[in-house]
Amino acid sequence: MTGGFVDGVINAGQLLIAEWARLDGPSGAGDKAEVDVEIEQQLRRELLQLLDCDVWGEETGHVLAGSQWCWGIDPNDGTSDFLKRLKGSAISVGLMGNAVPVLGVAYSPVNTASGSDRIAWAEGLPGLGN
């Protein structure tokens, strides 16, 4: 599951890259970019195919049915800076089992240093960096 999980977040990052590169800049206002909802919906679909469980999303709300597992999704951590065309915002996704983090990834597809940066972690495994 770890590979599909990380791949899904990286694929969602393509939407963030395309939005950031728009000639007239990212679309949105304040702390909400229009692409945020699109990214979260895409991730929600893909993650639920990997593990059908509860979901807590920053943009589209939550579905909590009492599962021991719960995906947490922040599709664009740093939206207000993203809308100002500052680099470094990240897609952050985690999986909790019985309220304990077991899997996580933060992916910054438009980063100041190397173009993109990714940090992934899974319980019992060493961190997986870029």
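Each Cβ is built from the backbone N, Cα and C atoms, and glycine gets one as well.
TrEMBL annotations: computationally assigned, not manually curated.
What you see is a predicted model, and the numbers here were worked out from it, not measured in a lab.
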- From candidates Glu58, Glu59, TrEMBL puts in the same Mg(2+) site as Asp74, Asp77 the residue Glu58
- Task: Determine the most Cβ-crowded residue among the binding-site residues Glu58, Asp74, Asp77, using a 10 Å radius around each Cβ and all protein chains in the structure.
- Result: Asp74
